[in-house]
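Listed features, source Swiss-Prot:
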| type | residues | note |
| --- | --- | --- |
| TOPO_DOM | 2-15 | topological domain 'Cytoplasmic' |
| TOPO_DOM | 37-45 | topological domain 'Periplasmic' |
| TOPO_DOM | 67-83 | topological domain 'Cytoplasmic' |
| TOPO_DOM | 105-142 | topological domain 'Periplasmic' |
| TOPO_DOM | 164-179 | topological domain 'Cytoplasmic' |
| TOPO_DOM | 201-217 | topological domain 'Periplasmic' |
| TOPO_DOM | 239-299 | topological domain 'Cytoplasmic' |
| TOPO_DOM | 321-331 | topological domain 'Periplasmic' |
| TOPO_DOM | 353-414 | topological domain 'Cytoplasmic' |
| TRANSMEM | 16-36 | transmembrane segment |
| TRANSMEM | 46-66 | transmembrane segment |
| TRANSMEM | 84-104 | transmembrane segment |
| TRANSMEM | 143-163 | transmembrane segment |
| TRANSMEM | 180-200 | transmembrane segment |
| TRANSMEM | 218-238 | transmembrane segment |
| TRANSMEM | 300-320 | transmembrane segment |
| TRANSMEM | 332-352 | transmembrane segment |
Amino acid sequence: MTTQRSPGLFRRLAHGSLVKQILVGLVLGILLAWISKPAAEAVGLLGTLFVGALKAVAPILVLMLVMASIANHQHGQKTNIRPILFLYLLGTFSAALAAVVFSFAFPSTLHLSSSAGDISPPSGIVEVMRGLVMSMVSNPIDALLKGNYIGILVWAIGLGFALRHGNETTKNLVNDLSNAVTFMVKLVIRFAPIGIFGLVSSTLATTGFSTLWGYAQLLVVLVGCMLLVALVVNPLLVWWKIRRNPFPLVLLCLRESGVYAFFTRSSAANIPVNMALCEKLNLDRDTYSVSIPLGATINMAGAAITITVLTLAAVNTLGIPVDLPTALLLSVVASLCACGASGVAGGSLLLIPLACNMFGISNDIAMQVVAVGFIIGVLQDSCETALNSSTDVLFTAAACQAEDDRLANSALRN
């Protein structure tokens, strides 16, 4: 009987709800820190191992995902998706810009073990641009070893375009390697409850329970900014497109797409739900069959918010000054980073080091910021995915309805 129960228990742990397991890890970590401070400090090793695993897998993840995405792009797909693509890009940038404003209005700080004395902050936008350009020409092996994500992106894009001219066997190999790395990332993230248990325990034992308020404030800023985008920014963009009350469409998409995405925590997994909603709205099949999968890849407003808010929280913690041009550049960089976060649970968190590179923040400190993101990720990742996925179908519907209105008005004039 014992041998039959063990596999069942292991299967439940391996395939159970990650959100529930992280919640359990949070609660157990808080309890251990409250009961025994020495024991809580000792289990901090679990958190250290988890962060180390993230540091190891993040650079190769970015390289393979971007390279495979570009290499396997299909040629000759003729669909009328330019307005939708424009809305995707504009919405993602608007979300990053809103996150910058929100972060300046409600500044947050993090509890990081490294001091600001190890940081060499850039003096302004000129130095930031110089650092970006120099990072772009880094040796690819050196970029992978040192976590230079800007250099990794440049090499991934270049190799991706080069491989588009390769044969199908090569493209399939790159795609298989990308899937293998994604599997490794999922494997690491399955250990998130244990890692977060160690991180929460050691953090509370070291800094006290006041740390929870810092995380709570950060979570309020993140979720508040996502609500602002979902209920203010997106409706404005939809109104600009369809020129009528956008809220019936906005609320429908949040209810019938966002709720599902909140629990699945994957834009890719929510694609069938969005397809069904598009069919229910009588949208053009040739359009939404392309725009919905495309949106699951590049329409990442929630990810842009997460990257921007957590990066500026780290910058604020380390006392690095940020001028307006640098903040605007961060919005652009965060928007570009967000496009690489598709289909991976916690993907936006793993791309935070790229944005942190702008401010001279080391990879070690950046991965501590990622760890903080995992601690609050129970709600953050769910809200982020709900915003991302519901916006896919929202912008598709807005563009299709605007095109239908244009054709109808054109027919009336004739």
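Cβ atoms are placed via backbone N, Cα and C, with glycine included.
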For the transmembrane segment (84-104), which partner among 16-36, 46-66, 143-163, 218-238, 300-320 gives the most CB pairs under 8 Å?
300-320
Are the transmembrane segment (16-36) and the transmembrane segment (46-66) close enough that 3 or more Cβ pairs fall under 8 Å, when only pairs 6 or more apart in sequence count?
no
Interface present between the transmembrane segment (180-200) and the transmembrane segment (218-238) (three or more C-beta pairs under 8 A):
no
Surrounding residues of the topological domain 'Periplasmic' (37-45) on its own chain - C-beta under 8 Å, 6+ positions past either end:
29, 197-199, 201-202, 204-206
For the topological domain 'Cytoplasmic' (164-179), sequence-distant contacts whose Cβ falls under 8 Å of one of its Cβ atoms, 6 or more beyond its ends:
64-65, 67-73, 75
